[in-house]
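What TrEMBL says about this protein:
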TRANSMEM  A:20-53  transmembrane segment
DOMAIN    A:20-437  domain 'DUF112'
TRANSMEM  A:109-136  transmembrane segment
TRANSMEM  A:142-162  transmembrane segment
TRANSMEM  A:169-186  transmembrane segment
TRANSMEM  A:206-224  transmembrane segment
TRANSMEM  A:317-341  transmembrane segment
TRANSMEM  A:353-376  transmembrane segment
TRANSMEM  A:388-404  transmembrane segment
TRANSMEM  A:430-447  transmembrane segment
TRANSMEM  A:467-486  transmembrane segment
Amino acid sequence: MDTLNLLLDGFGNALTPTNLLYAVLGVVIGTFVGVLPGIGPAMALALLLPITFGLEPTQSLIMFAGIYYGAMYGGSTTSILLNTPGESASVMTALEGNKMAKRGRAAQALATAAIGSFIAGTIGTLLVAFFAPIIADIAVEIGAPSYFAIMLLSLVLVTSVLGSSKLRGFVGLFIGLTIGLVGLDLSTGQARLTLGITQLVDGVDIVVVAVGLFAVGEATWIAAHLRRAPLDIIPVGQPFLSRDDLRRSWRPWLRGTAIGFPFGALPAGGSETPTFLSYVTEKKLAKHDEFGHGAIEGVAGPEAANNASAAGMFVPLLALGLPVTATASILLAAMNTYGIVPGPSLLTDEPELVWTLLASLLLGNALLLVVNLPLAPLWAKLLQIPRPQLYAGILFFATLGAYAVDQNPFDIGLLLAFGAVGFAVRRFGIPMLPLILGVIIGPLMEVKMREALDISNGAVSGLFNEALALVVYAIVALAIVVPLLLDLRRRSRTAPSEPTDEREEATR
Amino acid sequence: MSAAGKDDVRPGHPVDRAQYVLAAVLLVVGVYTIVDARGLTVGFGDPIGPRVFPYAVGAGMVVLSVVLAVATARGDVAEAEGGEDVDLTAPADWLTVAKLVGVLVLAMLLVNLLGWAITGAALFAGCAWALGSRTPVRDVVVGAVLSVGSWYFFYVVLDVPLPPAILDGIL
């Protein structure tokens, strides 16, 4: 009941005319940017970070919430109307969604995706409002050793469980950790890894890192491989669902939500696993023999799972200060620029901010439905923007974002450097998620590690003297060993005839 | 790591040589991280100090670079990232990339001199040209609208004045 009252207070704050305007603005801009091919939610957030600079913390978070859900929905529009999804979370949606579109049911695919996203996002956000305070209450008691262990767990899970190649996952993680080291050591004030460049002493701005990796890396990578033949774009009418479509969609929506939320809330990160699980579930339960030819269940389920896990990630972000997805790490960076440090004490220190944020997430979700269903045909037109101008525009806004932070041309050079890293990462198939989490979580981890070891006066036992830490380490060990064993078993079964490239298990 | 086994080397399947370069770069970065950390002083009464974490990161990087080199030698091939506008069947178009980098470097050098409004417009038109646009006049107009528009957006809405440079007094 208490939660409900706080949430209602949050609505009271979010529903001022100004805040409502920012929410609408966020949803529209987010969808606009998210629909553009080549731009996923993380890149949209990174590119749009600078436009919230002048706003108050609350308003900028409200706008961000809108951008976040807008960009997510925009991404699924792209994958339904074009067959090749840009981000891994939309792969499953594209499978059936594009087939539906080809059979002339694009409007129904977009409608079931939009309504499914709305339902999953709403239930997911309500669950966040319910769980985050509980977890924060517990988390206040957690000491540095356990914190360190939990961060390690989240990095290991993201690196070794997700993605197709563990080696490349770890390479990405360590590149990220190295980037995170650049700058002053907080407790002794000594410069690390600055190569003698004074501008690097303050560390690298996360906006520059994210925009370089996502936007410049992506634009240059696409420039090197630009598809010269135009893609087929399927025309859309007004999205609607018939009674029969609705009957077939509502169960997948709810199942998708149930599958998606826990995956987002646990420090396992990513929406690949839940969307995949939801797709497989729907396929198994389907009565119609339509899967593979555009079954509406195959769009409804994964879309709901995707959005529910996107909402779930707010639990570790708000309650523990731990980002588990690329988008969460950019949200964390945005909060840090306002001096807000998410973590167990955030809910007690800044309750107004948190509850307003949660309320505006719910609001943004509802606005999404209102704005996007009627505007879908318009969004579809965006897919026809000529590619040279599209990617020139991305580079324009990337440069503006990097430059506007400090108005220092050096940052444009830095942007290019991270663009080069982003290009290399795409060329070598290194996953982005462990890299960006390494940049963000690395420094947090070092702080907790040194805190724990300071208390124990340097004895390594200082990292193990909490029961929770031990439990988490056990899970870390399992997370490393179990996939390896499964790998070995699979290999001994299929070897030696088949070359066991890691690609086979790939979903990316 | 789960590198491919020895018997997986397929004859006629070329080794991904660029991956050796990546491994070498990672090795240099790892070693540099360790060397850099050695130069830090550990304060009196500080049991851990600023060295331990970079040591761990650098050491991990060195190990990974070796594993990557071994995996490459055994025929491990990178799976490049696809996407809506990506066509991986054609060879990489390095000329376009070089042009884009050139445009961005120019923007970096000129932005303080010419200000954002002019540089931004040139940046947009330049990138569009590099990417194969055949409508230079329209690109310059669109670029000018974007850059002047963003200048005013930052100035009026966000209260962040970007340097006007030579357009001081006009904007």
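Placement of Cβ uses the backbone N, Cα and C atoms for every residue, glycine included.
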Cβ contacts the transmembrane segment (A:142-162)/the transmembrane segment (A:20-53), at least three under 8 Å, sequence gap 6 or more: no
Contact check, the transmembrane segment (A:109-136) vs the transmembrane segment (A:430-447), 3+ Cβ pairs under 8 Å, seq sep 6+: no
Remote residues contacting the transmembrane segment (A:353-376) - C-beta distance under 8 A, at least 6 residues beyond either end: 6-7, 9-11, 13-15, 19-20, 23-24, 26-28, 31, 57-58, 61-62, 65-66, 68-70, 73, 77, 107, 110-111, 114-115, 117-118, 121-122, 125-126, 128-129, 132, 236, 238-239, 311, 314, 318, 340, 346-347
Distal contacts, the transmembrane segment (A:206-224) - CB-CB under 8 A, six or more residues away: 38-40, 42-43, 46-47, 49-50, 179, 326, 329-330, 333, 336, 391, 394-395, 397-398, 401-402, 405, 411, 414-423, 425-427, 432, 435-436, 439-440
Integer mean pLDDT for the domain 'DUF112' (A:20-437): 84
Non-local residues, at least 6 beyond the ends, that sit with Cβ under 8 Å of the transmembrane segment (A:20-53): 14, 59-60, 62-75, 77-78, 82, 86-87, 89, 207, 210-211, 214-215, 218-219, 222, 310, 325-327, 330-331, 333-334, 360, 363-364, 367-368, 371-372, 375, 379, 382-383, 385, 390-391, 394, 397-398, 400-401, 404-405, 432, 436
